[in-house]
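If you look up Swiss-Prot, you'll see GLY2 marked as N-myristoyl glycine. Among the features that Swiss-Prot reports, compositional bias 'Low complexity' is placed at 52-64. Taken from Swiss-Prot, the feature ATP binding site covers LEU98, GLY99, GLN100, GLY101, GLN102, PHE103, GLY104, THR105, THR106, LYS121. Here Swiss-Prot flags ASP216 as active site, proton acceptor, drawing on sequence analysis. Summarising the annotation, Swiss-Prot assigns region 'Autoinhibitory domain' to 356-386. The domain 'EF-hand 1' feature in Swiss-Prot is assigned to 393-428; the stated evidence is sequence analysis. Sequence annotations record features per position, and here Swiss-Prot assigns Ca(2+) 1 binding site to ASP406, ASP408, SER410, GLU417. Taken from Swiss-Prot, the feature Ca(2+) 2 binding site covers ASP442, ASP444, SER446, THR448, GLU453, and the record attributes it to sequence analysis. As annotated by Swiss-Prot, Ca(2+) 3 binding site applies to ASP478, ASP480, SER482, TYR484, GLU489. Per Swiss-Prot, Ca(2+) 4 binding site is recorded for ASP512, ASP514, ASP516, ARG518, GLU523, and the stated evidence type is sequence analysis.
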Amino acid sequence: MGNTCGVTLRSKYFASFRGASQRHDEAGYAPVATSAAAAAAADEPAGKKAPRGSAAAADAPHAASMKRGAPAPAELTANVLGHPTPSLSEHYALGRKLGQGQFGTTYLCTDLATGVDYACKSIAKRKLITKEDVEDVRREIQIMHHLAGHRNVVAIKGAYEDPQYVHIVMELCAGGELFDRIIERGQFSERKAAELTRIIVGVIEACHSLGVIHRDLKPENFLLANKDDDLSLKAIDFGLSVFFKPGQVFTDVVGSPYYVAPEVLRKCYGPEADVWTAGVILYILLSGVPPFWAETQQGIFDAVLKGVIDFDSDPWPVISDSAKDLIRRMLNPRPKERLTAHEVLCHPWICDHGVAPDRPLDPAVLSRIKQFSAMNKLKKMALRVIAESLSEEEIAGLKEMFKAMDTDNSGAITYDELKEGMRKYGSTLKDTEIRDLMEAADVDNSGTIDYIEFIAATLHLNKLEREEHLVAAFSYFDKDGSGYITVDELQQACKEHNMPDAFLDDVIKEADQDNDGRIDYGEFVAMMTKGNMGVGRRTMRNSLNISMR
């Protein structure tokens, strides 16, 4: 991750794909996937206690990122923090798993002295492959300490290191995600949106004033510390954040498609990109949809670069002119003309006792937010089903390719094997771009690509071209073979994949084109092939420059 102008490509375009087979699910080698529990157990810190308690929290997955440079020297990974630390187990007891990230897993943990619960992110040191990986972990901890004391930034309690892991103990955010809370409330107003935006932009202002760019702002990275307090919002996940100096230019492509600023796509940006992203979040808060939307990832990029904002469709005719003025200023495509975080906080619509109306927004906006959040969850689950249901005949070519790359016949492709294999297939990718693909396909965060991961990656990135894949997924959900997917069947599938089943009614409504309360095959295909859940310019398929059929 560069602080200077060296051209690298670091994108989160597989964040959604990673969730397709996994946010919480893992796959194993064979042609048959292993269980999620077994795979997860393989990456748990030694001494982890059995699951206990029911406190809820989440740690947004680290972005799939592209690394530069040579492998990390052994002395670096042996001593990531650069100084000795006490043993984590002397002070905390690990509990149940809360979330899975790019480099590690977050657990509930309890302070042995006080009984207070915290969240502990355990980062597997074996996944810190390059010197930049090690520097990223150090910098994340440094930035969390640097921002300590801000009431809307998750508080770090301490960092610990043992031979296998780096552990970051932090404040537990048990209130859930921002959008989930909005949906739960059932009522939302411009004034409430102004209050939340004031918090989000306040975090940005604090970061920028302390020389930090967050670079990964999105609703999932704002959690509520307390489910009973709508304003207990906390910014989390500083894994992509960087220190900056005034005038410094960054070229790393990071972010998610809906939220990425145009100058990030152009690989020349600074702290202004955070304000753009906050503007996108505000637009979604008020309308339930992102301002830059298209059926494909490239279409989204084109829309972002074009910068045309829709204020004509519902509900915008009844949204205040002041709100629209603020959004226009936050989404100014010219970074130097965009409002700064401080200027946003001084805008009449957002400041204390400002002009934001208190009347409830159209209920349709809440519905759209629910659909925007829930639909991806079903797609992700379906993609895993497809990857695990392929027959030997269907994947014979891919299996041979996997075997050709797996030169030591270990059942997993290492970074070096992938790099050599890509070049054998005529790829001209830079090492950093290959690293990005490696991390994208490694859904179980093992540091290698196993058989099912390879198949799942090529299937997803091939945009589900084979109809039989879709038939297999549809049949999986259609438990009774009726030709329709019902809410009950989706609930059962969610249980099987350890996924939340909230808002499935909204998934049905979104896909149900004939309004009969269920999803037929045609509607399912339309849902699965609409849009794209990932972002990025490189895929395993087009990088190999061969047919994946």
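Just so it is clear, glycine is given a Cβ too, placed from its N, Cα and C backbone atoms.
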Query raised in the report: Which one is closest to ASP478 (Ca(2+) 3 binding site) in space, judged by CA to CA distance, out of the binding-site residues GLN100, ASP516, ARG518, GLU523?
Result: ARG518
Query raised in the report: Cα distance, GLU417 (Ca(2+) 1 binding site) to THR106 (ATP binding site), nearest Å?
Result: 30
Report task. Could you round the CA separation between GLU417 (Ca(2+) 1 binding site) and GLU453 (Ca(2+) 2 binding site) to a whole angstrom and send it over? Result -> 15
Report summary line: Nearest to GLU489 (Ca(2+) 3 binding site) by C-alpha distance, among the recorded positions ASP216, ASP406, SER446, is SER446
Report task. Give me the non-local Cβ neighbours of ASP516 (Ca(2+) 4 binding site): same chain, 6+ apart in sequence, Cβ-Cβ under 8 Å, ordered along the sequence. Result -> none
Query - The one of ASP406, GLU453, ASP480, GLU489, GLU523 whose CB sees the fewest other CB atoms within 10 Å, among these binding-site residues - result: ASP480
Query raised in the report: For the recorded positions listed here, ASP216, ASP478, ASP514, which shows the highest count of neighbouring CB atoms within 10 A?
Result: ASP216
Report summary line: As a whole number of Å, the Cα atom of GLU453 (Ca(2+) 2 binding site) is distant from the Cα atom of ASP512 (Ca(2+) 4 binding site) by 31
Report task. Please determine which of the binding-site residues listed here (ASP408, GLU417, ASP442, ASP512) has the lowest count of neighbouring CB atoms within 10 Å. Result -> ASP408
**Report entry** Stretch-averaged pLDDT - the domain 'EF-hand 1' (393-428)
**Finding:** 74
Query raised in the report: Which residues of the same chain, at least 6 positions away in sequence, have a Cβ lying under 8 Å from the Cβ of THR448 (Ca(2+) 2 binding site)?
Result: SER410, ALA412, ILE413, THR414, TYR415, ASP442
Query raised in the report: At the Cα level, what's the spacing in Å between GLU523 (Ca(2+) 4 binding site) and SER446 (Ca(2+) 2 binding site), rounded?
Result: 36
Query - Shell list (Ca(2+) 4; ref centroid = CB of ASP512, ASP514, ASP516, ARG518, GLU523; cutoff 8 A) - result: TYR484, ILE508, ALA511, GLN513, ASN515, GLY517, ILE519, ASP520
